[in-house]
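Below is one structure, written out as structure tokens; comments come after it.
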Amino acid sequence: MVRLSDTPAPTESQKRLALAIIDFLNSSLKDGTLTADDAESIEIAQSCIADTFKVDPSDEAAVKDALGGQSLASIFSVYEKLRQKPSKEPASAGAQAQSTEAQQPKAGAPTPESDKLKSEGNAAMARKEYSKAIDLYTQALSIAPANPIYLSNRAAAYSASGQHEKAAEDAELATVVDPKYSKAWSRLGLARFDMADYKGAKEAYEKGIEAEGNGGSDAMKRGLETTKRKIEEANRGAEPPADDVDDAAGASRGAGGMPDLSSLASMLGGRGGGGGGMPDLSSIMSNPMFASMAQNLMSNPDMLNNLMNNPQLRQMAENFGRGGGMPDMSSLMSDPSLAEM
């Protein structure tokens with residue numbers, strides 16, 4: 001026999017589900033799904049669930065958090081939609097249309113109040129007040145549940161605040177409610193991209209382009225191309241190239257992204273280490289200051305261009321080329337442009 005004290009306490013996820021069930025039962029009474037004769041039984045059931053799971057159905061904030069502005073019925077309809085599998089025997093077009101319509105979650109109709117909340121959420125987004133925007137969109141969704149525009153907007157707010165999984169959930173629900181709403185596909189693509197689900201992001205952008213028609217918008221096509229590059233890079237196991245590296249900086253790179261030191265060598269007279277009066281490079285690199293500079297050059301090859309333009313280093317190179325001696329290291333490193341490397 002299991003003692004009551006040995007029973008684990010309900011998890012937060014279980015508590016949220018309990019609140020969602022209580023809310024569903026309450027809504028079923030209000031919308032006429034259940035009759036007034038069932039009211040007493042439903043109230044007893046709600047009380048038992050609340051006591052057992054240690055939740056308070058009168059806590060509006062907790063109920064809102066549990067449902068995210070949705071209803072248990074709409075959430076379940078999405079689950080049914082996503083788990084739907086094609087039957088072994090193809091159904092007629094009419095039967096398929098009826099099945100899709102029956103399982104399609106219904107978008108709540110916007111009201112002046114919900115649209116006002118959406119506009120306030122948009123303003124909060126413009127001010128980068130993402131938490132406030134999320135709350136305002138959630139309030140709008142409580143008035144018009146499963147509205148794809150409100151869901152898509154909240155997905156954008158979640159993405160902006162770094163909550164990519166929640167963004168993907170909202171955007172995916174919006175695409176189920178209205179598969180033709182291209183903005184929801186775009187935000188689903190972004191959320192999946194930020195979660196490193198590049199194949200999922202590619203699928204979302206492709207669906208978005210299909211929904212837009214005419215080959216899709218430039219923004220949607222850019223998202224798709226970026227995602228395709230990520231997939232190719234992942235398949236190659238290579239790091240992505242930096243988009244902001246210009247041709248001049250790129251030309252200063254050797255194989256594997258290492259800086260091309262041929263320009264430095266030519267500036268020093270074209271001689272190898274130790275030849276024609278040139279000091280052995282190994283002795284130079286044993287100097288910790290130069291070793292640090294070399295590490296910085298390898299991590300940021302663009303610095304090589306600045307190094308080539310340094311007049312003090314250029315004078316040193318000319319002296320080397322004429323067989324001159326090594327400069328004083330302390331005076332060389334006192335040059336701010338070198339000391340900061």
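Just so it is clear, glycine is given a Cβ too, placed from its N, Cα and C backbone atoms.
Pulled from Swiss-Prot:
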type     : residues : note
REGION   : 86-123   : region 'Disordered'
REPEAT   : 114-147  : repeat 'TPR 1'
REPEAT   : 148-181  : repeat 'TPR 2'
REPEAT   : 182-215  : repeat 'TPR 3'
REGION   : 232-280  : region 'Disordered'
COMPBIAS : 269-278  : compositional bias 'Gly residues'
Taking residues 6+ outside the repeat 'TPR 3' (182-215), which of them lie with a CB under 8 Å of any CB in it?
148-149, 151-152, 155-156, 158-159, 164-165, 167-168, 170-172, 174-175, 221, 223-224, 226-228, 230-231, 234
If you average pLDDT over the repeat 'TPR 1' (114-147), what do you get?
94
Secondary structure split (DSSP) over the repeat 'TPR 1' (114-147) reads 27 helix, 0 strand, 7 coil
